[in-house]
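> The structure's right below; bear with me while I get my questions together.
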Amino acid sequence: MSEKNSPAVHAENAPVTSNFIRQIIDADLASGKHTAVQTRFPPEPNGYLHIGHAKSICLNFGIAQDYNGLCNLRMDDTNPEKENDEYAKAIEDDVRWLGFEWNGDVRHSSDYFELLYGYAVELINAGKAYVCELNAEEMRDYRGDFQKPGRNSPFRDRTPAENLDLFTRMRAGEFEDGSKTLRLKIDMQSPNLNMRDPVIYRIKRSTHIKTGDTWCIYPMYDYTHCISDALEGITHSLCTLEFEDHRPLYDWVLDNITIPCHPQQIEFSRLELLYSITSKRKLNQLVTGNYVSGWDDPRMTTISGMRRRGYSPEGIKLFAQRIGVSKGENIIDFAILEGAVREQLEGSSPRVMAVLNPLKVTLTNFEAGVTGSRSAPFHPHHEEMGEREIPIAREIWIEQDDFAEEPPKGWQRLTLGAEVRLRYSYVIKCDEVVKDADGKVIELRCSLDTETLGKNPEGRKVKGVIHWISAEHAVAATVNLYERLFTEPRPDAVRGADGQYVDFTQFINPESLKTITAYVESCVVSAAPETRFQFERLGYFITDRYNHQAGGTPVFNRTVTLKDSWAK
């Protein structure tokens, strides 16, 4: 076996976990059925890509990389009413952001419109396709269902010459939209409804994003998909399980036209991520209904939304690797995605301190107007990230949650009379609690042990360590705290008492976004958009892709907390 066809390995030389698709490919290469691997990713440009597409991207491009093969990016642009250039560009951006490059130029199903038309003519001349004049309702009736066999269309027995004449005139624009279709002549008695004379062309006057008004007839997906794969020399056409019943049609079309290549369609299970939506139609409903700010809202599981939230390409690819590929049900808890993101960010994100819910602390024995400082690493295990200076002055901010008047058992943070260490700094003791007229704690007056910088105090143990920030040197920042968008694990699968599906928007989490003003270290002000940080003890955050400007007011999005905040 040549090096090109050797077992797949990742760039890090770690063996790839095998799955049934890789086993098929290995067998095809070993038998000589194929000498190289060619895959494709064929999204429709009618919306932004989501986490389910990310799984497919990682699978198709990953297999091509691992087998030293090629992967095409093809826009399935056969439905002009729903497609536009914005979506097409976003798809290209998402694939590149995930770290993949496609083979050659971006391809489009519309590149093959003339060839597709020619194959339709070939099928007509062979008596295997006919022009039908049943409307949609009549066609459904003639088609039958799983309990009732279909009936032949009254137009099924037209001669090839008559069908070719009508099809030619369909292309010329002689007939009204929807008045005629071109159907394959297969088997109206087939137990597979997809094989009951499926429509492969319909009349639709709609301006196409690439071909303009050149065409008034457009091919259907099932017809276009298999031929496009064959024209591109795809060896393994990977798609989700909902297309399993379409595979006989995929094979029938290719078996009945003159085409040199017959790709193998292989199906795998579709990703269902709990507490999220992975339907472009429903994601679009969230956008158009103003439930979110746009397709790239950080609460959305679109690739652009996850990018803006701070998920890294490496974290998403790690997630795809962990959930694997199978034909079994693929229902994945959101925590698995967050865990992969955390794991990747832990070693790659510089650490700084920030205070989200500030409580004022006055260090009573620290001279006013004086500033001290100490250098601290951006990451304890990555010296190459460098250091920054952390100033300390008489007034500092700590988190409100790090003080308790009536602490629970085992409390190791601040309470009246107790000590705690400031991260990278001194031990302080709470001597006095100041409250406002309503009894709310508004300030702590604490003393600082000057002998504890970098060492423990004599004769006593101080276990608690809290983060903090100098009030004088802190920079105010806008921080968006994101939670899961839905409160229900499967929001689009809930049925009411009447057995009907409940509107999934009823389960939108009202606490999914909270915007606050927080205080951060001044070193983050110069950070470029899309710079990731760990805010110590709080979580991972990213400077917003659009609203953050280096040198201006920082804008951060919380990517994920340090621990699963939804864990029971």
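Numbering starts at 1 and runs along the chain as displayed.
In case you wondered, yes, glycine gets a Cβ from its N, Cα and C as well.
The domain 'Glutamyl/glutaminyl-tRNA synthetase class Ib catalytic' annotation in TrEMBL covers 37-330. Under the heading motif ''HIGH' region', TrEMBL lists 43-53. Residues annotated as ATP binding site in TrEMBL: GLU44, PRO45, ASN46, HIS50, ILE51, GLY52, HIS53, ALA54, LYS55, SER56, THR240, ARG270, LEU271. According to TrEMBL, the L-glutamine binding site annotation covers ASP76, TYR221. Residues or ranges marked as motif ''KMSKS' region' by TrEMBL: 277-281. For 349-449, the entry in TrEMBL reads domain 'Glutamyl/glutaminyl-tRNA synthetase class Ib anti-codon binding'. Taken from TrEMBL, the feature domain 'tRNA synthetases class I (E and Q) anti-codon binding' covers 465-544.
How buried are these features, and what lies next to them?
For the motif ''HIGH' region' (43-53), the residues of the chain that approach it from at least six positions outside its boundaries are 75-79, 82-85, 87-88, 90-91, 94, 209, 240, 270-271, 273, 276, 278, 280-281, 283-284, 295-296, 300-306, 316, 337, judged by C-beta separation under 8 angstroms.
For LEU271 (ATP binding site), applying a Cβ distance below 8 Å and a minimum sequence separation of six or more within one chain yields ILE51, GLY52, LYS55, THR278, ILE323, ASN330, ILE332.
Neighbour list (ASP76 (L-glutamine binding site), Cβ cut-off 8 Å, at least 6 residues apart, same chain): PRO42, PRO43, GLU44, PRO45, SER109, TYR221, THR224, HIS225.
As a whole-number mean, the pLDDT of the motif ''KMSKS' region' (277-281) in this prediction is 94.
Taking H, G and I as helix, E and B as strand and the rest as coil, DSSP gives the domain 'Glutamyl/glutaminyl-tRNA synthetase class Ib anti-codon binding' (349-449) the counts 6 helix, 51 strand, 44 coil.
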> Judged by the number of other CB atoms within 10 angstroms, which among ASN46, THR240 is the least packed of the binding-site residues?
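Among the binding-site residues ASN46, THR240, the lowest count of other Cβ atoms within 10 Å belongs to THR240.
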> Per DSSP, what is the residue count of the motif ''HIGH' region' (43-53) in each of helix, strand and coil?
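Grouping H, G, I as helix and E, B as strand yields 3 helix, 1 strand, 7 coil.
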> Where the record says GLU44, PRO45, ASN46, HIS50, ILE51, GLY52, HIS53, ALA54, LYS55, SER56, THR240, ARG270, LEU271 bind ATP, what is the longest distance in Å from one Cα to another among those residues?
20
> What does DSSP give as the helix, strand and coil breakdown of the motif ''KMSKS' region' (277-281)?
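Counts, helix then strand then coil: 2 helix, 0 strand, 3 coil.
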> Per DSSP, to which secondary structure element type does THR240 (ATP binding site) belong, with helix, strand and coil as the options?
strand
